[in-house]
Every structure is written in structure tokens, then in C-alpha cells.
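Peer 1: Following this message is one structure expressed as C-alpha cells.
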Amino acid sequence: MRSSAALALLLCAGQVFALPVNSPMTKGDTKVMKCVLEVISDSLSKPSPMPVSPECLETLQGDERVLSILRHQNLLKELQDLALQGAKERAQQQQQQQQQQQQQQQQQQQQHSSFEDELSEVFENQSPAAKHGDAASEAPSKDTVEKREDSDKGQQDAFEGTTEGPRPQAFPEPKQESSMMGNSQSPGEDTANNTQSPTSLPSQEHGIPQTTEGSERGPSAQQQARKAKQEEKEEEEEEKEEEEEEKEEKAIAREKAGPKEVPTAASSSHFYSGYKKIQKDDDGQSESQAVNGKTGASEAVPSEGKGELEHSQQEEDGEEAMAGPPQGLFPGGKGQELERKQQEEEEEEERLSREWEDKRWSRMDQLAKELTAEKRLEGEDDPDRSMKLSFRARAYGFRDPGPQLRRGWRPSSREDSVEARGDFEEKKEEEGSANRRAEDQELESLSAIEAELEKVAHQLQALRRG
């Protein structure tokens, strides 16, 4: 946008300088163009605006001249050309973005394809190993076939020798005949088995690589899935067991800490009341600060944060006390020791709370001083704002809330500390009243100055209109 505006300014300047300076009409036109340039430069320099001269304001009041110059110099066409250039640039940017997206998609696809190629290479590397194993299994099968053929040949030779030997016997015994028949049948069966074995071997050999390939590919995915499921189940079971153990331990701790629940509740209520005090203190301070131009957020946030921290610490101490052993379970000596420890802890807690309250009041004093200083600076920098705030404060009567509003909500458990705080607040209010008087005087003077400035502004407007 700035570049387009700069181009428009350059074009206007070139056209202004190109105008002829012969007649008084052209001189007026040049003045108007210069004023237009000043206005455009003022609009472009927004962080540090440059004021427009009153002469230019007077010249620009004539609308007819401005319109005639705009029509004469064809600025509308130039603006349209600039708009077209911007549209073209946007279209080019969109095209570039689309091209970048397409390139990213192509890169992702290439990555996926490279990953698939790597997987295929891994499987191919595994398959030659299986083939080598199949070849090794085929080699011993061939050796066994040759051994069987040799044994068959030996059996056949022995059978021929036995058949040639007993021929002179005319009438063999029945036992010998039966043995001969058995021997004659056994070689036939062996030959049948031998003939069947080579035919069955190829099928076995074909089956071996199939099983090996299946055994190599199958476990890679199935076993991993099974292992993952088993691990998830084991983790879930372990988590359930841990939760049950924690519940049992908590139940045991609660049963043991039964007698100590009363003091912990008392301590929690005590600190809860303290936390309420802090919140009310912060609310009162925020009201007083709203009258002077501040909402009191700077005090409320740290005080609330401290109260929450203290409350969380006290809850942790109470849980530790609940986790400890009860008083009634131990004999007399141990019970007394526990009581002493409890008393010491209570004393330490009270001491810490007092220290924290002292720190808090000191912090409040520092914040009050800082706020007064900031208010004075703001009054000097921005008189209008200080005047508005002073009028609002007087109209609604938030100036002096009084000590009773701050004392009414305090509990009766710590009357001494409440009275001390009330006196301290009264002193602070007295000191603040002196400061407020000085501030009131300053505000009155500022209001008078503001009224005078308004009168001057009205007069200037009347002069311009006249």
C-alpha cells in the first residue's frame, strides 16, 4: 500500500511540475495540487503526523477547483491502473502459493515412494536368503535319492544271488518257501517306495520354500502386532494395579488420620478467613484507587497471588498432618511429643502469617507512593483526563470512604491486630488527605486552563466558519 501511495504521489508531483504557469487559473491549480500533496503526505505519515498549513485548508475548501483538477489530470484512471496492478500481484501470489503446495505434495509422494522402495528392497534381500536355504535343502535330498538307489541295487543283487543258489533243491520246505515269498515281496515294496519317493520329493521341495517364505514374511507383521497388543495390555494392567494400590494407601491414610481431621479443618477455616480479609482489603484499596484514576489491579493481583500461595501451602501442611499417625495409637510419651510438635508448627505458622502481613502492608505503602507519583505525572501529561476524573469523584462522592467501611468486615478473632490496622489506616488517610488537597488545587487550576482552551477553540472554529 505504501509503495502504491508513493507512486501516486510521484505521478501527481510530475504532473504538477508539468503544468504551464501562464494564467492565474493555472497558478491556483498548482496551489491546490500542492495542498493535495500535503494532505496525502500527512495521511501517510501517521506515526508522526505533519500538520497541514492553514493556507492549504482555505484553498481546499473550494470543491469545484479540486474536482476540475482531478478530472483534468486523469487521476481516476491512474488510481484504476494501480488497482489493476494490485489485483495482478495478488493473483501472482496465489499462483506461487499453489505451486509451492504442489511441490510439497510431490516431495511427500517421493518420500512415500522411496520408503516403499526401501521396503521392497528389504523383502528382496530376505527372499535370496530363503532361496539359498531351499537350495541347501534340495542338495541333501539329491544325496539321499542317490543313496537309496545304491541300496536298491545292492538289494536286487542279493535277491538274484539267493534265487540262483537254491535251484537244485527239488522240494523246498514250506518255511523256506514262505521266507522266499517274503523276500520276493520285500524288494518289490522297496522298489515301489523308491519309485514313489522321487515323485514325492519335488512336491516336498516345492513346499519347503513356500513355508520358509511364509514364515519369514508372516512373523514380521503379525508378531509385531501381537507384541504391541501384549505390551498395551500389560501397561494397562500395571496402571490399574498402581491405581488400586494408591487408592488402598489413601484409604489407609484416611483411616489412620481420622482423629486429626478436626484441627486440620480448623486451620483451613482460619486461613480461609485470612484469605477473605486479604480480598476485602484489596477491594477497599481498589475503590480508593478508582477515585484517583487507578483500578487497583496492581495491588489486587500480587495480594491475591500471595493469598493463593499461602492457602495452597497450608493445604499441603494439612495433608501432611493427615498422613501422619494418630495420637491415640501411641503410648503417653509419643503422644506428648506429637502434641509438642503440633504446637511448634502452629507457632511457626502464626509467625509466618505475621511476617507475611507485615510484608504485605509495606508493599501496600510502596504501591500507594508509586500510584501517587504516577497520578501526578499523568496530571501533568494529560490534564483533560485528570479533570474528568476529578469531576467524577466529586459527583459520586467516592473521595473519603471512612475507616468504618474498612473495619466493618473484620473478624472478632483478632481484635488487637484489627485496631492496630485501623489506626495505621487512619494515619494513612490523614497523609493522603494532605496530598489530595494539593491535588485538588492542581485539578482546579487545570480545569480553569481547560475552560480557557475550550473558549479559544470555539473562537477559532467561528473564525474559520466566518
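Quick reminder: no glycine exception, Cβ is built from N, Cα and C everywhere.
So Swiss-Prot has the following annotated:
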SIGNAL    1-18  signal peptide
DISULFID  CYS35-CYS56  disulfide bond
REGION    91-443  region 'Disordered'
COMPBIAS  92-111  compositional bias 'Low complexity'
MOD_RES   SER114  phosphoserine
COMPBIAS  131-155  compositional bias 'Basic and acidic residues'
COMPBIAS  177-213  compositional bias 'Polar residues'
MOD_RES   SER215  phosphoserine
COMPBIAS  233-247  compositional bias 'Acidic residues'
COMPBIAS  248-259  compositional bias 'Basic and acidic residues'
MOD_RES   SER288  phosphoserine
COMPBIAS  305-314  compositional bias 'Basic and acidic residues'
MOD_RES   SER312  phosphoserine
MOD_RES   GLY332  glycine amide
COMPBIAS  351-378  compositional bias 'Basic and acidic residues'
MOD_RES   SER353  phosphoserine
MOD_RES   SER386  phosphoserine
COMPBIAS  412-440  compositional bias 'Basic and acidic residues'
MOD_RES   SER413  phosphoserine
MOD_RES   SER417  phosphoserine
MOD_RES   SER433  phosphoserine
CARBOHYD  SER433  O-linked glycosylation site
MOD_RES   GLN441  pyrrolidone carboxylic acid
MOD_RES   SER447  phosphoserine
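Map these features onto the structure and tell me what's around them.
Peer 2: For CYS56 (disulfide bond), applying a Cβ distance below 8 Å and a minimum sequence separation of six or more within one chain yields LYS34, CYS35, GLU38, VAL39. In the three-state DSSP assignment, the secondary structure recorded for CYS56 (disulfide bond) is helix.
Under the three-state DSSP scheme, SER114 (phosphoserine) falls in the helix class. Remark: SER114 (phosphoserine) has no non-local neighbours by Cβ distance under 8 Å and separation of at least 6 in sequence.
Within its own chain, the compositional bias 'Acidic residues' (233-247) has no Cβ neighbours under 8 Å among residues six or more beyond its boundaries.
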Peer 1: How many of the residues that make up the compositional bias 'Basic and acidic residues' (351-378) does DSSP mark as helix, as strand and as coil?
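Peer 2: Summed by class, the stretch gives 28 helix, 0 strand, 0 coil.
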Peer 1: Among the modified residues SER353, GLN441, which residue has the fewest other Cβ atoms within 10 Å of its own Cβ?
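Peer 2: Relative to the other modified residues in SER353, GLN441, GLN441 has the fewest Cβ atoms within 10 Å.
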Peer 1: Where does GLN441 (pyrrolidone carboxylic acid) sit in the DSSP three-state scheme?
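Peer 2: In the DSSP reduction, GLN441 (pyrrolidone carboxylic acid) maps to helix.
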Peer 1: Please work out which residue of CYS35, SER433 has the most C-beta neighbours within 10 angstroms of its C-beta, and give that one of the recorded positions.
Peer 2: CYS35
Peer 1: Roughly how many Å lie between the Cα atoms of SER433 (phosphoserine) and GLN441 (pyrrolidone carboxylic acid), rounded to a whole value?
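Peer 2: That separation, Cα to Cα, works out to 12 Å.
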Peer 1: Should SER447 (phosphoserine) be counted as helix, strand, or coil on the basis of DSSP?
Peer 2: helix
